[in-house]
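Per Swiss-Prot, these features apply:
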type     : residues : note
DISULFID : C50-C90  : disulfide bond
DOMAIN   : 29-106   : domain 'Ig-like C2-type'
DOMAIN   : 237-328  : domain 'Fibronectin type-III'
CARBOHYD : N125     : N-linked glycosylation site
CARBOHYD : N135     : N-linked glycosylation site
CARBOHYD : N222     : N-linked glycosylation site
CARBOHYD : N303     : N-linked glycosylation site
SIGNAL   : 1-22     : signal peptide
Amino acid sequence: MCHQQLVISWFSLVFLASPLMAIWELKKDVYVVELDWYPDAPGEMVVLTCDTPEEDGITWTLDQSGEVLGSGKTLTIQVKEFGDAGQYTCHKGGEALSHSLLLPHKKEDGIWSTDILKDQKEPKNETFLRCEAKNYSGRITCWWLSTISTDLTFSIISSRGSSNPQGVTCGAATLSAERVRGDNKEYEYSVECQEDSACPAAEERLPIEVMVDAIHKLKYENYTSSFFIRDIIKPDPPKNLQLKPLKNSRQVEVSWEYPDTWSTPHSYFSLTFCIQVQGKSKREKKDRIFTDKTSATVICRKNASFSVQAQDRYYSSSWNEWTSVPCS
């Protein structure tokens, strides 16, 4: 992820005395300090500059502690670990003049830390963000998992392409589900994003990038996912599933309809369907049939059930969940 390098002037609050960009502004008054994490690591030297034209009578404190760390318009600190992070504030005469929150971002053996989010391991290892789209309208849902529920914040940025990014607008992340896994709780967070100038019928040439900034207490981490919408398509299940017995026959005619959320016209945005009849025992063999039509004739015995699911006809993305109806 690219971040704009700090521009230093008289009113700047943080200055990094290093030729490398090891500190950058996440948002107003919040800065990420990138740290190589190993024993006896030197850390990063940071110079704080108070946002005031005053020169004298200025003192510095860290977080809520009243302990004075230094005096003068600038304060030089060495950020080596989380104990050196936090909110630094400059004061004069009992009044807070300006402040800056420093957040370490750990790198061990050349790899950025991924302690805040849980690896979902689907469709592959080190999958922290997962995204899906119900159609080609440019609306996307992304989600991630964590075992953390307190002192946790997220911010999301998304675009199509990185060299000349096109707009994708994301809402705020919300807690969407809570599960118990053995002795642990697992929290699912999600966000809705919309491509600003989506063209459903256009060929995708650049992937969509989704970037999540995660902060737990004073720890910062960054997670990214890159994809084409065609790769994350997962239609809603077919609707209005019906069975019609045929006279003098063991067979029934089953029919269904495209989901309301699927892109139109269906002659262009087509689905293919997988159908099956499942006996009362789940161990019974299931015969699956693939069809591009929205009806079929099958043998549907008593106590069995008929199921159907859908997938984009022209691109091998995800199948949706089965929707079922009893045979009798």
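Placement of Cβ uses the backbone N, Cα and C atoms for every residue, glycine included.
All features noted in Swiss-Prot, drawn onto the structure.
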residue	record	Cβ neighbours (10 Å)
C50	disulfide bond	25
C90	disulfide bond	27
N125	N-linked glycosylation site	8
N135	N-linked glycosylation site	19
N222	N-linked glycosylation site	17
N303	N-linked glycosylation site	10
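For the pair formed by N222 (N-linked glycosylation site) and N125 (N-linked glycosylation site), distance between Cα atoms is given as 17 Å, rounded to the nearest Å. When the domain 'Fibronectin type-III' (237-328) is classified with DSSP, helix, strand and coil residues number 0 helix, 43 strand, 49 coil. Under the DSSP three-state reduction, N135 (N-linked glycosylation site) is assigned to coil, being neither helix nor strand.
A separation of roughly 26 Å, to the nearest angstrom, links the Cα atoms of N135 (N-linked glycosylation site) and N125 (N-linked glycosylation site). Geometry remark: N125 (N-linked glycosylation site) versus N303 (N-linked glycosylation site), CA distance 40 Å.
Using DSSP to sort the residues of the domain 'Ig-like C2-type' (29-106) gives these counts of helix, strand and coil: 3 helix, 45 strand, 30 coil.
Taking the Cα atom of each, C50 (disulfide bond) and N303 (N-linked glycosylation site) are about 76 angstrom apart.
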